[in-house]
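Chemist: Next up is a structure, given as structure tokens.
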Amino acid sequence: MEKTQEPSDTPQDQNVPATKTVEISPGSTVVKLTKRAAITQILIAVVANITIISSGMGIGFPSIAMIELTNSTTSVVLTESEATWFASISSIACPLGGLISGYLLDRIGRKKTLMLINVLSIVSWALIAVCSMTNFDQMYTQILIARIIIGIVIGLVSAPASIYSAEIATPKMRGRLTVLTSLMIAVGILLIYSMGYAVPHNFRLVAGMASAICVGSLLLLLAMPESPAWLMSKDRDEEAERSLKRIRGYGAYRQRIPEVDKELMRLRENVQAQRRAGRESFLRLLKQPQVYKPLGVIIGFFGFQQFSGIFVIVVYAAKVSSEASVSMDPFLCTVLIGITRVVATLLVAYILDTLGRKPPSIFSGVGMLVCMFGLALCSYFPPIEALHWIPTALILTYIFTSTLGFLTMPFSMLAELFPQSVRGPASGITVFFTYLMSFFTIKLYPTMVELVGSANVFIIFGVVSFLGVLYVIYVVPETKGKSLQEIEDYFRGVSHGSTPSQEVEEDEVSNLSSECV
């Protein structure tokens with residue numbers, strides 16, 4: 001078969017025009033490889049990531065539900081301690097989801113794992129929707145069980161969706177598709193805030209609407225192809241070929257396609273390399289600098305993310321807006337917070353490929369510092385009537401700047417810093433410590449406000465943001481424009497004198513495959 005020129009979305013020839021015509025084989029019909037392949041990748045990745053909307057709704061749900069659950073005029077009222085358990089208990093369950101996600105990804109595949117996650121989400125939201133309206137003990141037990149399940153979902157969902165997106169993406173599409181995870185979390189938060197604003201003081205109905213969204217997500221997954229990388233790892237070569245053709249925009253085209261054959265060969269070689277690397281224990285690999293150094297760096301980055309109050313603002317959005325002297329309807333304020341986060345997350349896709357990781361993170365930390373100190377001043381000295389918009393502007397600016405860096409960059413770098421052989425277990429350890437820290441910050445926030453006052457809590461968050469900026473400047477490496485091998489060599493202490501070749505970069509398509517524990 002005659003060797004053909006690469007299609008426009010393959011890494012070997014990124015300069016081929018989008019409308020380039022390519023002949024698949026001698027005598028065959030000329031197939032126009034327009035932007036169809038890129039559009040197909042985007043659509044399939046979006047379907048996979050819609051599952052993440054449930055976790056975003058789960059993260060933002062306490063903010064709207066606690067307004068009703070802590071209202072003394074309602075029939076069932078939670079104490080301050082009970083309310084904090086309701087808000088934070090999902091964070092305890094998140095690490096469990098992270099630990100079992102690798103097993104499920106390897107055993108049943110990416111598609112079935114995502115479908116299982118939707119089933120769990122439906123059960124969780126339905127349990128809240130039908131919880132008792134008269135029996136407090138029964139109601140509280142039901143909503144705590146539901147929050148534990150949604151916590152497992154939050155821990156489960158990020159890895160399958162992001163791994164699937166990375167596995168189906170060509171290198172030039174990888175940055176855009178992997179950021180879908182953060183975008184869908186933001187969309188989920190915005191959806192739950194919007195439903196809370198549209199249906200105030202009825203958290204059961206909101207939960208029922210969330211359950212319906214998860215049903216729709218489950219139905220969409222039925223048409224999604226399985227990951228070619230996973231199929232290849234199970235020696236299902238023919239299914240991998242059919243799946244890859246669909247993802248690359250060839251549909252049910254049955255003839256051999258050189259570009260697809262090349263990619264399948266790289267996937268096969270990657271599977272063989274993983275099997276060889278799998279024979280060495282993780283504890284032994286953990287002693288190597290290219291493993292323990294990035295593990296320490298990324299856990300530290302997540303630490304500054306959590307203790308700077310990012311998740312506290314999301315979970316307690318309505319409560320924080322009141323404590324910061326925001327005069328606006330707290331439900332409306334949460335909606336504006338959700339919109340701001342979605343807009344900022346959309347910008348991240350562009351920023352990752354242009355500015356890199358460090359500059360946006362530094363800008364993010366400085367913005368968070370300024371906003372937190374500003375909110376502290378508003379708490380000490382409430383603004384006059386004409387300036388009541390200032391606290392609202394500060395909260396929205398905080399959400400915007402935090403999303404541009406500290407919120408999204410650690411997650412984006414998670415798949416870049418670890419060597420392929422340990423990416424699964426190392427990511428699991430990172431997720432475990434991240435959500436453990438998240439539990440403490442969310443659980444202790446009301447207690448901290450009671451002990452030292454909201455203004456001083458804002459100051460603490462601002463100081464942590466400043467320390468985070470220093471951490472990014474002096475500790476976090478820049479990964480923009482570097483191959484995965486160069487990043488690994490950086491932690492080994494091996495320097496590179498030149499940028500990676502295109503051939504090295506294109507081999508990374510398969511290097512992000514099978515991130516399983």
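Cβ coordinates are placed from backbone N, Cα and C, and glycine is handled just like the others.
Curation plays no part in TrEMBL annotations; they are all automatic predictions.
Below, the features straight out of TrEMBL:
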type	residues	note
COMPBIAS	7-18	compositional bias 'Polar residues'
DOMAIN	44-480	domain 'Major facilitator superfamily (MFS) profile'
REGION	1-21	region 'Disordered'
REGION	495-517	region 'Disordered'
TRANSMEM	42-65	transmembrane segment
TRANSMEM	85-105	transmembrane segment
TRANSMEM	117-136	transmembrane segment
TRANSMEM	142-165	transmembrane segment
TRANSMEM	177-199	transmembrane segment
TRANSMEM	205-224	transmembrane segment
TRANSMEM	295-318	transmembrane segment
TRANSMEM	330-350	transmembrane segment
TRANSMEM	362-382	transmembrane segment
TRANSMEM	388-414	transmembrane segment
TRANSMEM	426-445	transmembrane segment
TRANSMEM	457-476	transmembrane segment
Chemist: Quick one: mean pLDDT on the domain 'Major facilitator superfamily (MFS) profile' (44-480)?
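Modeler: Per the prediction, mean pLDDT sits at 84 for the domain 'Major facilitator superfamily (MFS) profile' (44-480).
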Chemist: For the transmembrane segment (205-224), could you work out the same-chain residues 6 or more beyond its ends whose Cβ comes under 8 Å from its Cβ atoms?
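Modeler: Sequence-remote neighbours of the transmembrane segment (205-224) are 44, 47-48, 50-51, 53-54, 57, 61, 64-65, 111, 114-115, 118-119, 121-122, 125-126, 128-129, 146, 191-192, 195-196, 199.
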Chemist: Please work out which recorded stretch in 142-165, 330-350, 457-476 has the most C-beta pairs separated by under 8 angstroms from the transmembrane segment (177-199)?
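Modeler: By the under-8 Å Cβ criterion, the transmembrane segment (177-199) pairs most with 330-350.
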Chemist: Would the transmembrane segment (295-318) count as touching the transmembrane segment (117-136), if touching means at least three Cβ pairs under 8 Å and pairs must be 6 or more apart in sequence?
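Modeler: No, these stretches are not in contact.
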